[in-house]
Each structure stands twice: as C-alpha cells, then as structure tokens.
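K.L.:
The feature repeat 'ANK' is assigned by TrEMBL to 69-101, 168-200.
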C-alpha cells in the first residue's frame, strides 16, 4: 500500500511543502543530490515531519549528518521538543552522544527544557549522562539551573557524578541555590549533594 503523499500535518503542510521549502534554498555543490537529501532530513526533523524523516532515512539519508551550525537532525528535533521525530531518528541509529560545536548533546537540550520524557527516551539509548559541555556543565547543572525537578530526579536516579564541578567551580547544588530554586536544592541535598564543597573562589 502506497504512502499518502498529500497527507498534511497539523499546520496543513505536506511532505512536498517541506521539500520545496528547503529545495528553494539549495545551491548545487560538490555533494550533489546527497547534499539536498541531508538538508531535507534536518529541515524535516526541525519542522516535526515524522513521516518525511522516515522516508528520507529509508532513502539512505545519513542520519548523523550535520548542518552548517554543526547540528544533527536529532539535535534539531530535540531542540524543538519533537518526541516522535526523536524516536524515529533513534530507531534509525542516530548517535545520542553527538555534540555540537559548543559541546551540547540532544540530552543536554532535554535537560535545559525539563523534558523528562525526552530525557528518558535518550538515556534509554545509551547516552552518557555524565557528559559535560565546553563550560564544564553537566546534565545535572543544566536541569538544576532552571529548577526542573522531575528531569533532575530522573538524572539523579542514573547516578551521575553528583558533586562534579563546572569550570567555574560550581556544582549542581550551588547552581540551584544561587538561582533560588528551593525544591531543586532540597532534592539535591536529599540525594546526598555536599553543601560544603568550595567553589572556584573558595
């Protein structure tokens, strides 16, 4: 049974709309058609076109290809909170630990957004929850910074390095406390975070 190529998403966009919107920006280069396919994949992931993503992957699109910003389709989908697209990309073998130029992974994006379901899905595919970005911020730091208790609790259950320090010497506990996130601070203390660790300034 064939695919319904005229099927529209919630915004009334079909796969053809997505393809044309990207093709209009494409300038033929050294990689020819493959360049367009990868560009379409990243755009489809960003726009939440799950079926388009699947079709492109079935057509041998490179799942971990990066765009000019250094982002993979997985990172684009995670940034926009598109869980179905993220699941499809993971099923097709997207690397969950791929980092952008600033050291961000899809899991780091989920931690910042406080998306517990997204974080759980990514952790299930083997992401290293102890990863730090270029500033030394771990997933715990990112979740604690914005007071995302449910997401933080999930990460704490995975037993990462609770008292790891950023390059400025801050732990997740000091990060939460300095931002006035009382429930987050209490949660970290409950899990055994050390309140006596000095920061970079002593």
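Here the Cβ of each residue, glycine as well, is placed from N, Cα and C on the backbone.
Note that TrEMBL annotation is computational and uncurated.
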K.L.:
For the repeat 'ANK' (69-101), what are the same-chain contacts with Cβ under 8 Å, counting residues 6+ beyond its ends?
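P.N.:
41-42, 44-46, 48-50, 53-54, 57, 63, 107, 109-110, 113, 115, 117-118, 121-122, 125-128, 131, 133.
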K.L.:
On the 0 to 100 scale, where does the mean pLDDT of the repeat 'ANK' (69-101) fall?
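P.N.:
Averaged over the repeat 'ANK' (69-101), per-residue pLDDT gives 91.
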K.L.:
List the helix, strand and coil residue totals of the repeat 'ANK' (69-101) as derived from DSSP.
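P.N.:
Across the repeat 'ANK' (69-101), the residues distribute as 17 helix, 0 strand, 16 coil.
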